[in-house]
Amino acid sequence: MPPKKAAAAEKKTLLGRPGNNLKIGIVGVPNVGKSSFFNALSETDLGKAANFPYATINPEEARIPVPDTRFEWLCDTYKPQNRIPAFLTCIDIAGLTAGASTGAGLGNAFLSHVRAVDGIFQMVRAFDDAEVIHVDGDVDPIRDMATIQTELRLKDIEWTEKALENLKKTSRSLNSTSLADKAKKEELATVERILAHLNDGKDVRKGDWNNKEIDVINGLMLLTAKPVTYLVNLSEKDFARKKNKWLPKIKAWIDENNPGDSLIPFSVALEERLAPLSPAEREEAQKAAGATSSLGKITQAGYASLDLIRYFTCGPVEVRAWTIRKGTKAPQAAGVIHSDFENKFVCGEIMSYEDLKEHGSEAAVKAAGKLRQQGKPYEMIDGDIAYWKAGA
């Protein structure tokens with residue numbers, strides 16, 4: 001009798017909304033440079049950069065192209081009429097203050113804006129400037145980070161307690177025989193575990209959850225389940241010399257409270273100065289400053305934090321990057337272009353970007369046996385180049 005095949009490892013469900021149309025929000029206490037950063041990032045003046053708290057009330061939104069050397073190479077190779085890169089949708093959200101979870105400082109409206117995004121750029125101020133007031137009087141990034149974390153967690157506790165209360169009301173009449181009742185009891189136990197985790201002072205995204213529990217978390221749309229990238233706003237001088245008294249303390253706080261979260265130091269003052277310049281002028285200004293723009297790095301980090309990847313379609317008419325989430329199968333990836341491609345999916349002809357770059361042309365890739373036909377089970381890999389075949 002042949003030995004039994006080992007069971008395939010269960011694929012981990014991702015935290016957050018399914019889909020590829022995900023957004024990242026810029027969050028922080030007032031007057032840390034959020035709107036100025038948003039303006040430089042989007043090269044607009046949509047965000048109301050002003051020297052007082054709550055200058056931004058309604059969140060502004062922009063689609064930011066995600067830098068990608070692979071995309072640039074493909075455009076140089078195919079010389080298409082149209083070039084469409086991947087985009088990151090970025091939202092400028094008003095400042096949160098201590099007490100926001102109970103409604104202080106327009107807190108409820110702001111927290112609902114945070115709830116509507118899928119990831120967080122947390123802006124942290126580490127520069128002194130007497131002309132830019134701080135809502136708490138002095139600059140203390142550790143206090144500011146703790147304030148944001150506390151307010152988001154307190155709101156999550158409130159929402160989780162409400163969900164638990166509603167579940168308990170509906171579960172009083174449950175019996176243990178039906179599958180539906182058993183699932184309800186499991187959901188109740190999961191929500192109790194989530195609440196205990198939050199009351200322990202931990203963010204939900206840092207918990208060890210199984211797939212069923214992640215499904216429950218995703219249904220609750222919790223704030224601390226969202227990925228966070230910490231952006232530390234330095235003075236231009238500190239950024240150029242790569243030295244700031246707060247940076248080691250900020251890193252230590254992140255390592256202790258949210259290990260694994262990304263930390264990117266940059267200077268909004270430098271980015272604001274560079275934003276209106278032509279490419280040639282920007283190059284000169286960066287040389288003179290002894291520092292380069294971090295906006296590309298920040299955009300790439302935000303895109304990756306949402307578990308987004310991209311595949312390419314290429315031809316003389318258009319080279320385009322299509323955004324999908326990690327783990328997306330071929331039919332769903334094709335469906336990003338048009339629902340008919342998913343519904344009538346036949347197969348995909350796939351080659352990797354690396355193979356195309358190595359061999360130089362599609363014909364050479366095919367001759368080398370590196371052009372693969374993939375069916376419905378195929379899981380897309382970042383940088384795949386795809387041609388879809390669909391039925392009539």
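Even glycines carry a Cβ here, placed using N, Cα and C.
Predicted automatically and left uncurated, TrEMBL annotations should be read as such.
Pulled from TrEMBL:
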- ASN31, VAL32, GLY33, LYS34, SER35, SER36, LEU234: ATP binding site (BINDING)
- 22-286: domain 'OBG-type G' (DOMAIN)
- 307-390: domain 'TGS' (DOMAIN)
If you average the pLDDT over the domain 'OBG-type G' (22-286), what number do you get?
85
Mind giving me a neighbour count for SER36 (ATP binding site)? Other Cβ atoms within 10 Å of its Cβ, every protein chain shown.
23
Of the residues named as ATP binders, ASN31, VAL32, GLY33, LYS34, SER35, SER36, LEU234, how far apart in Å are the Cα atoms of the most distant pair?
15
Helix, strand, coil: count each for the residues of the domain 'TGS' (307-390), based on DSSP.
24 helix, 34 strand, 26 coil
